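> The domain 'THIF-type NAD/FAD binding fold' annotation in TrEMBL covers 9-432. Annotation source TrEMBL lists ATP binding site at 19-24, D43, 51-54, K67, 112-117. The Zn(2+) binding site feature in TrEMBL is assigned to C153, C156, C432, C435. Annotation comment: TrEMBL describes C168 as active site, glycyl thioester intermediate. The region 'Disordered' annotation in TrEMBL covers 200-219, 534-635. As annotated by TrEMBL, compositional bias 'Polar residues' applies to 200-214. Taken from TrEMBL, the feature domain 'Ubiquitin/SUMO-activating enzyme ubiquitin-like' applies to 442-534.
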Amino acid sequence: MASLQQSPAIKGAKVLMVGAGGIGCELLKTLALSGFEDIHIIDMDTIEVSNLNRQFLFRQKHVGQSKAKVARDAVLRFRPHISISSYHANVKDSNFNVDFFKQFNVVLNGLDNLDARRHVNRLCLAAEVPLVESGTTGFLGQVSVHVKGRTDCYECNPKPSPKTYPVCTITSTPSKFVHCIVWAKELLFAKLFGDKNQDNDLNVRSSDSTGSSEQAEDVFERKANESIEQYGRRIYDHVFGYNIEQALSNEETWKSRNKPRPIYSRDVISAELMQQNGNSDKAGSAGDPLSVSAMASLGLKNPQDLWSLKDNSRVFFEALKLFFGKREKEIGSLCFDKDDPLAVEFVTAAANIRAASFGIPLHSLFEAKGIAGNIVHAVATTNAIVAGLIVIEAIKVLQKDFDSYRMSYCLEHVTQKMLIMPVQPFEPNKSCCVCSETPLTLEIDTNHSKLRDFVEKIVKAKLSMTSPLIMHGSSLLYEVGDDLDDAMIANYSANLEKVLSSLPSPVTSGTMLTVEDLQQEFTCNINIKHREEFDEENEPDGMVLHGWTQVPTKPKDDDDKPPTGNGDSSKTSQTETVEAEAEVVVKINIEEIGASGNKRKAPDSRDISTDPPSNDVNEATAANHKKVHKIDDGDDEEELVMLDHWDIDTNKKQKLR
């Protein structure tokens, strides 16, 4: 180690770390102890109590402070002679551009979401700086090297898409508990405690409303002089009673489905019990919002207990009362947060009441929180191993030891006498739209889809562009930027609301659009193919992008289970499941592991396999076959992962990214 620390390649290297969480803490420590003397860290997050069990550079006194800054200060205490620069910022900020990346010899990722990983990948490609990617989930981990022109880029291989559900499934015909969670979190919670002006599918008018919809009263608006108990009963009866009756009126819907039953508060909880419901003095202090708890108020202690319909109703009413009684100032601006006990209690109770209505098994608060927040369990030892592997690959990159580059996998069980499996990197994928500039094809209804749909669902959601520019030939259809004048902004805003075929330069079947992100220095061409009909269940976006390196996930029966992996998330859209995106799966020939020949070719998307492993795989290896999902998490940085199975019997192994 001493001779390695004196290596000019290490001592003179300028290293950028992105992420200072679970992997990042271990990585910064290992870099400092390995002789690196110029390290830069970017992380936008602050320290939370839940980080302290594995992000060892942080202490209780640091909660609420910048991860990047605290990590820097902690390491400088035992390596005061080195230079560490911290940035409490988002890596997607405009000041972290290609010129910023060009100053570094290598970039090391410890990120927590696919979107940011893609962004860093593109900046590294544009700046021609090597990237070392990483991730862990539980006992599983992975490290990979990406060097422009020599290996595949991070986006060369497919990333399974997050499973989505049509809005109608969430609002009208739920069949799984996860549907009820999404309804309670993204619709009911948002409507009651978020922006009340935001329309969503709970805006069904009450049965006693008369006249036009403009004159009808919004049932979610609390009336003057209305007690919180009266308001709570009115909301309860509307969403669990009246709305269900309205749904039942459409008999066609229930011909092949079990009919739900309307639930009214009077049938579940008496007026007398309602008056006695909860003890607000035990619920927590209004000065500390995160201490307020309906469970504490009601004397419910075990989050793993399965509440009855009556208990769920009591929690629903008590949580509503506490929000209005102790946290009224926050109402109108609240978003669901998995670390907010009262929010989790309300969503659990509401989801369970809805589940009872539709004949879906109820879940405990512990289970519901795992589903709603994508909560999974981290293993500090895996983070430490992965951090060490990152540094090993970074040293190879700095020493230009190309033949020794390896992608490494940490396994939970011994496979071929190994717990860490090294694999040669892939060659660049010639069909990759990012590093090979291969055109994409988009099937879309050009007569009904607006430019806004294209921007939100394709350009931002799938291509992960942050500052997009869209051109049709020489005609500029859309652009964002600080240097736009008011007339340009108004023009582009107007274009967003036009259907594609009605744009100033009409987009029809056969049109070639050029989409560019100036910050990422990434450009791709998209061929437009007009299509009028889409499968609502399998193609909920109403458009399909081909040639983009992502494969659809297989239908699963375990939607109601919280994902397995490191990290958690409070960020899901209305139609998303709370399962987060899984990482990519590609085939690897196990016989080639450790070979010193040419890098293997990147697989075509046709080679992607999601078939179950053969029945005669040995027991130890089979334990590595469990499907694991990467979690899109706002505060944990240690997540990337393995998926599905390794076909040992056919000498095929699946690489996950």
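Every residue, even glycine, has its Cβ placed from backbone N, Cα and C.
Unlike curated entries, TrEMBL annotations are predicted automatically.
Just so it is clear, the model here is predicted, and its values are computed rather than measured.
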> Please tell me which one of the recorded positions listed here (D43, D112, D115, C168) sits closest to C153 (Zn(2+) binding site), measuring Cα to Cα?
D115
> Fewest neighbouring Cβ atoms within 10 Å: which of the binding-site residues D43, D115?
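If we count Cβ atoms within 10 Å for the binding-site residues D43, D115, the smallest count is at D115.
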> Tell me which of the recorded positions G22, D43, D112, D115, C168 ends up closest to C435 (Zn(2+) binding site) in space, Cα to Cα.
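Smallest Cα separation from C435 (Zn(2+) binding site) among G22, D43, D112, D115, C168: D115.
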> So if I measure Cβ to Cβ from C168 (active site, glycyl thioester intermediate) and keep only same-chain residues at least 6 apart in sequence, which ones fall under 8 Å?
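In sequence order, E536 meet the Cβ cut-off.
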> How many Å lie between the Cα of D43 (ATP binding site) and the Cα of C156 (Zn(2+) binding site)?
25
> How many Å lie between the Cα of D112 (ATP binding site) and the Cα of C156 (Zn(2+) binding site)?
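Per the Cα atoms, D112 (ATP binding site) and C156 (Zn(2+) binding site) stand 19 Å apart.
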> Can you tell me how far the Cα of G19 (ATP binding site) sits from the Cα of C156 (Zn(2+) binding site), in Å?
22
> Do any residues at least six apart in sequence from N53 (ATP binding site), in the same chain, have a Cβ closer than 8 Å to its Cβ, and if so which, in order?
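Counting only residues 6 or more apart in sequence, the Cβ neighbours of N53 (ATP binding site) under 8 Å are A378, A380.
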> Determine, to the nearest whole angstrom, how far the Cα atom of G22 (ATP binding site) is from the Cα atom of C156 (Zn(2+) binding site).
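Pair distance, Cα basis, whole Å: 26 Å.
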> Just to verify a number: CA distance, C432 (Zn(2+) binding site) to D115 (ATP binding site), in angstrom, no decimals.
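About 17 Å separates the two Cα atoms.
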> How long is the line from the C-alpha of C156 (Zn(2+) binding site) to the C-alpha of D115 (ATP binding site), rounded to the nearest angstrom?
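Computed Cα spacing between C156 (Zn(2+) binding site) and D115 (ATP binding site) is 15 Å.
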> Count the residues of the domain 'Ubiquitin/SUMO-activating enzyme ubiquitin-like' (442-534) that DSSP assigns to helix (H, G, I), to strand (E, B) and to coil, and report the three numbers in that order.
24 helix, 30 strand, 39 coil
> Within the domain 'Ubiquitin/SUMO-activating enzyme ubiquitin-like' (442-534), what mean pLDDT does the predicted structure show?
91
> Select one residue from C156, C432, C435: among these binding-site residues, choose the one with the most other Cβ atoms within 10 Å of its Cβ.
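The residue with the densest Cβ neighbourhood is C156.
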